[in-house]
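Written below as structure tokens is the structure these notes are about.
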Amino acid sequence: MKSYIEPFIASKALSQNSQKAYRYDLQQFCQLVGERVNQDKLLLYQNSIANLSLSAKKRKLSTANQFLYYLYQIKYLNSYFRLTDTMKVMRTEKQQAAIINTDIFYQKTPFVWGQLISLLILELGLTPSEVAGIEVANLDLNFQMLTLKTKKGVRVLPLSQILIPFLEQQLVGKEVYLFEHRGIPFSRQWFFNHLKTFVRSIGYEGLTAQKLREQFILKEKLAGKSIIELSDILGLKSPVTLEKYYKS
């Protein structure tokens, strides 16, 4: 389906800037949807842009719908599909946020600091302050473990194999902390800025550290973790704040 992006763009009278925007949006769309379009994949894409600003969502929906109509016109698609606001999983006080497709978070990027921050939150459910406090001495990549020491106590967290290369890359030359300059940890604003830049670069503008941590919670619950187990993993004093995720 990606091979039809350029012919589609060429069929429209667009400025250079608009062409770039269309190309960027459609490459992301094709990456998530793949070669076979169906309602489930469109819902996945819809959920992936749920946290964007209203204007960004409107632009991406419009671009994707134009492309879908084009594919139907040239008979690449046998059926006409259309993305609408009603397709997404609506979030209310009693409903849970949708699990997003995170494959794009692991792809090569120039924003390596923001990428690693986001992956540590997605993979381990860490808070920004916990990420900032990761010490080199407490990372054991051979045994794939992180010993996290905080005011709340000590937690030993397993590191997934997919996370190891990202950590290895950033450990080079570090003295005390994983995120530091000459042994001094970076500021809270530094972490905020780098995370914001990275998520924006992959089309998830508006996705905060809190929302990334929520993704970890949703995935762990889906994997069968009990509320007590998840509370221990996150280092919470009480599972009360997790109750909303376990309500039927």
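Glycine is no exception: its Cβ is also placed from the backbone N, Cα and C atoms.
These features come from Swiss-Prot:
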ACT_SITE  K149  active site
ACT_SITE  R213  active site
ACT_SITE  Y245  active site, O-(3'-phospho-DNA)-tyrosine intermediate
DOMAIN    1-72  domain 'Core-binding (CB)'
DOMAIN    85-248  domain 'Tyr recombinase'
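Within the model, the domain 'Core-binding (CB)' (1-72) shows a mean pLDDT value of 89, rounded to a whole number. There are 16 other Cβ atoms within 10 Å of the Cβ belonging to Y245 (active site, O-(3'-phospho-DNA)-tyrosine intermediate).
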